[in-house]
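Pulled from TrEMBL, these are the features on record:
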{"type": "REPEAT", "residues": "80-110", "note": "repeat 'WD'"}
{"type": "REPEAT", "residues": "123-164", "note": "repeat 'WD'"}
{"type": "REGION", "residues": "364-431", "note": "region 'Disordered'"}
{"type": "COMPBIAS", "residues": "379-391", "note": "compositional bias 'Low complexity'"}
{"type": "COMPBIAS", "residues": "392-401", "note": "compositional bias 'Basic residues'"}
Amino acid sequence: MAKVGNLIVVGTYEEFVLGYAIVPDEFHEKKLTLVQTFACHSHRASVRSLAVGGVHLASGSTDETVRLYDIVNQVESGLLNHHEGTVHALAFTENGSHLITAGEDGTIAVIRTGSWFTEKKWVGTHSGSVTGISVHPSGKLALSIGSDNKIVTWNLVKGRKAYITNVSSRCRHGWGVGDVQWSPSGSSYAAFMSSHAEVYSVEIAGVSHTISCSNRVTCIAFLDDDIILVGEESGEASIHKLEPPSVKGEEGKKEEIARFQAHDRRVKCAKYVGPVEDGSRTAVHFVTAGGSGRICLWELEDSEVTKVCEVGTGCRITCMTFVDLEKELKVKKENEVPSKKTLSKNTGVKEKIIEPTASKKRKIIDGKISRNSNKKSLSKVNSSVDTSSSPKSKKISKKGTKSQNLSTSNQHKTSKVRSFNAGRWDVTPLE
């Protein structure tokens, strides 16, 4: 069985973000079913992208905004509006520390989670809109694709592009690059164009496999490093096993191990769920979403594909993501800020940052200022002290007023930043 309680989240043309939990069937405990847990109508236009990192869920829309949600408490927690145009792609780093967004305006932004400040912005690398983002499992690299048919590799450590691959010559019938995805280990990545998909090996820095289909390819998903699922416009899906190239410069062998009718209409999205939790079996679960609005949970064992359960959304699905709650809560726990005692024991350098310096300890007024006083309380105490009796204070009174004006203006600036990033957030429960 798949892990009970995990979520499948989909975005729709009808502006909804819908969540479905994998739970045991009411009448058969060994069977699974999909039950809707929330429906959020925050966007004012169709939802085009979804991503999950830690406890954060992000959704991008044609209304030019990114909505943020807390998937544990199931509440909306924020709003980002730094794009001009449709937000086509979203991706969190593996540890959930950063969110990468890309849109129709050709901009890629790197945003730190928690504070939600934009730490990096890349403009002009893609000549058109950016349509896809995928982050390497290590969190050090990322791939982006655009309407200019370029695959750009980004160095996230140095914050700049590493190299560009132009695949225009391999795009056929007027269709560009549809999507790009890293394999689970990051040893390869796949992209699809028109009626075929290509797998690129990092080791050989080139195409290792080409998978041709009779219909236009609409989605791809890695089920393992050497197993890939390809969804087609006809509603069919095929699963291929890949073998590494035996001769350098040549493509490796591939075998189609399964082909099945996943949906009546196009296979819009596909995601890997996880292994079946049964020690005697080696099966895996994956999920697909169709253009007809149905979500299907599948099981792959050897070369046999079996439908586990399905549910109808009543909407036209545009994007999908899978939320492993156990994994994401573990990531959140690992990223929690350690206590002061832990920091002071580990490094002596950080003790100076955590503990007040000797000069700050001596800087007291009437000997009553506590060590934990904040800047606001200090400014109030300073304003209450009369320094006009001192001759030196009269000479520097003009300078003092200038410095006070500067300090007050800086305080106003910081307050504006805080109100922009936190005060405008509307926290509302999902209905």
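Cβ from N, Cα, C; glycine included.
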Residues of the repeat 'WD' (80-110) by DSSP state, where helix covers H, G and I: 0 helix, 17 strand, 14 coil
Stretch-averaged pLDDT - the repeat 'WD' (80-110): 95
Residue distribution over DSSP helix, strand and coil in the repeat 'WD' (123-164): 0 helix, 24 strand, 18 coil
